[in-house]
Amino acid sequence: MTNTSSSDFTLLGLLVNSEAAGIVFTVILAVFLGAVTANLVMIFLIQVDSRLHTPMYFLLSQLSIMDTLFICTTVPKLLADMVSKEKIISFVACGIQIFLYLTMIGSEFFLLGLMAYDCYVAVCNPLRYPVLMNRKKCLLLAAGAWFGGSLDGFLLTPITMNVPYCGSRSINHFFCEIPAVLKLACADTSLYETLMYICCVLMLLIPISIISTSYSLILLTIHRMPSAEGRKKAFTTCSSHLTVVSIFYGAAFYTYVLPQSFHTPEQDKVVSAFYTIVTPMLNPLIYSLRNKDVIGAFKKVFACCSSAQKVATSDA
């Protein structure tokens with residue numbers, strides 16, 4: 001028998017229908033392992049291949065780190081709950097999960113905005129690119145993204161966990177997402193919800209402003225390019241980033257900006273599952289499948305491993 005505290009929460013989980021639980025568990029586990037593996041491989045390739053030692057790939061390695069931590073914040077607990085009869089999460093663990101979730105998602109918001117700036121410099125100021133995106137500036141940009149995300153976590157987590165909760169402590173979700181947790185509050189949360197709304201709008205508005213400005217200038221530059229080859233190369237440089245931005249920001253807009261009257265618990269779970277489970281797997285695939293440098297680096301590492309294995313076999 002599991003000992004529970006009166007301050008603990010119960011996560012109702014992703015599914016109501018237990019008949020499909022086995023299939024869903026297998027799919028989520030496969031996606032989780034695939035996402036972690038793909039992102040770790042991406043980080044490894046960027047570190048070992050000198051062709052990938054560029055500002056764009058440095059920022060991409062930061063995205064892979066964020067995605068790995070992001071999916072590890074929610075999915076292991078979800079998988080454990082799916083095989084366990086007890087779906088308890090302690091008050092402290094819930095607070096930690098909220099903080100890590102807010103930090104990772106906030107950092108990713110800012111990083112995607114900074115990656116748009118990187119695209120802008122690469123397309124619009126290619127001759128000054130090494131100066132404008134030198135190592136020191138890349139480190140500062142990455143640190144700024146992490147700081148912005150952690151600021152969101154440090155601001156909203158203490159307020160959320162200090163709201164009085166009483167009565168039912170069953171969270172109709174598969175992790176401690178703030179909107180689902182606040183539904184259990186036994187006090188007026190309108191002021192806090194307004195504060196959260198403002199924070200989320202700012203977290204979206206600042207990066208979206210950078211993205212919109214960057215791509216407006218990129219489109220103007222592409223329009224002026226005389227050659228079709230140059231235009232194609234410019235579009236290729238930015239297309240992967242635009243795809244990731246559309247997926248990630250679309251889901252975030254639904255969750256945190258769209259009024260609650262447009263939400264249902266089941267829809268919220270589906271959208272949350274998409275951007276907490278699926279998106280971290282899609283990001284490395286989107287960037288690698290359409291990128292000759294990444295594919296080339298992977299083939300090079302694979303060839304080296306194959307050669308080493310053949311040498312080891314022949315020596316044996």
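Heads up, residue numbers simply count up from 1 along the chain you see.
A Cβ is built for glycine as well, from the same backbone N, Cα and C atoms used for every other residue.
A quick note: this is a predicted structure, and the numbers were derived from the prediction, not measured.
Residues or ranges marked as topological domain 'Extracellular' in Swiss-Prot (evidence: sequence analysis): 1-22 (among others).
As annotated by Swiss-Prot, N-linked glycosylation site applies to ASN3.
Long-range Cβ contacts of the transmembrane segment (23-46) within its own chain (Cβ-Cβ under 8 Å, at least 6 residues beyond either end) map to 14-15, 52-53, 57-58, 60-61, 64-65, 67-68, 71-72, 75-76, 78-79, 82-83, 277-278, 280-281, 283-285, 287-288, 294, 297-298, 301. According to Swiss-Prot, the feature transmembrane segment maps to 23-46 (among others), an assignment based on sequence analysis.
Per Swiss-Prot, topological domain 'Cytoplasmic' is recorded for 47-54 (among others), and the stated evidence type is sequence analysis. Through the fold, the topological domain 'Cytoplasmic' (47-54) approaches residues 61, 293-294, 296-297, 300-301 of its own chain, all at least 6 residues removed from its boundaries and within a Cβ separation under 8 Å.
Through the fold, the transmembrane segment (55-76) approaches residues 28, 32, 35-36, 39-40, 42-43, 46-47, 97, 100-101, 104-105, 107-108, 111-112, 114-115, 118-119, 122, 129, 133, 138, 141-142, 145, 174-175, 276-277, 279-281, 283-284, 287, 293 of its own chain, all at least 6 residues removed from its boundaries and within a Cβ separation under 8 Å. The transmembrane segment annotation in Swiss-Prot covers 55-76 (among others).
Residues or ranges marked as topological domain 'Extracellular' in Swiss-Prot: 77-97 (among others). Tertiary proximity for the topological domain 'Extracellular' (77-97) is limited to same-chain residues at least six positions away from its ends with a CB under 8 Å from its CB atoms, namely 2, 4-5, 7-15, 21, 24-25, 28-29, 32, 157, 160-161, 174-176, 181.
In sequence order, PHE9, MET161, CYS176, VAL181 are the residues near CYS94 (disulfide bond), counting only same-chain partners six or more apart with C-beta under 8 A. Taken residue by residue with DSSP, CYS94 (disulfide bond) is part of a helix. Residues or ranges marked as disulfide bond by Swiss-Prot on the basis of sequence analysis: CYS94-CYS186.
Positions annotated as transmembrane segment by Swiss-Prot, on the basis of sequence analysis: 98-117 (among others). Same-chain neighbours of the transmembrane segment (98-117): 56, 59-60, 62-63, 66-67, 69-70, 73-74, 141-142, 144-146, 148-154, 156-157, 160-161, 175-178, 181, 203-204, 206-211, 214-215, 241, 244-245, 248-249, 252, 276, counting only residues six or more beyond its ends whose CB sits under 8 Å from a CB of the stretch.
The helix, strand and coil residue counts that DSSP assigns across the topological domain 'Cytoplasmic' (118-136) are 16 helix, 0 strand, 3 coil. Taken from Swiss-Prot, the feature topological domain 'Cytoplasmic' covers 118-136 (among others).
Here Swiss-Prot flags 137-155 (among others) as transmembrane segment. Here the transmembrane segment (137-155) has long-range neighbours at 55, 58-59, 62, 98-111, 114, 117, 199, 203, meaning same-chain residues at least 6 beyond its ends whose C-beta is under 8 angstroms from one of its own.
Taken from Swiss-Prot, the feature topological domain 'Extracellular' applies to 156-192 (among others). The topological domain 'Extracellular' (156-192) scores a mean pLDDT of 87 in the predicted structure.
Among the features that Swiss-Prot reports, transmembrane segment is placed at 193-216 (among others), with the record citing sequence analysis.
Positions annotated as topological domain 'Cytoplasmic' by Swiss-Prot: 217-233 (among others). Here the topological domain 'Cytoplasmic' (217-233) has, by DSSP, the following mix of helix, strand and coil residues: 14 helix, 0 strand, 3 coil.
Taken from Swiss-Prot, the feature transmembrane segment applies to 234-256 (among others), supported by sequence analysis.
Residues or ranges marked as topological domain 'Extracellular' in Swiss-Prot: 257-269 (among others).
Away from its own ends, the transmembrane segment (270-289) comes close to residues 14, 28, 31-32, 34-35, 38-39, 41-42, 60, 63-64, 67-68, 70-71, 73-75, 101, 173-175, 177, 240, 243-244, 247-248, 251-252, 254-255, 295, 298 of its chain (Cβ-Cβ under 8 Å, at least six residues beyond either end). The transmembrane segment annotation in Swiss-Prot covers 270-289 (among others) and rests on sequence analysis.
In sequence order, PRO164, TYR165, CYS166, GLY167 are the residues near CYS186 (disulfide bond), counting only same-chain partners six or more apart with C-beta under 8 A. Remote same-chain residues near the topological domain 'Extracellular' (156-192) are listed as 8-14, 73-74, 77-78, 81, 89, 91, 94-95, 97-99, 101-102, 199, 255-256, 260, 263, 265, 268-269, 272-273, 276 (criterion: CB distance under 8 Å, separation of at least six residues from the stretch ends).
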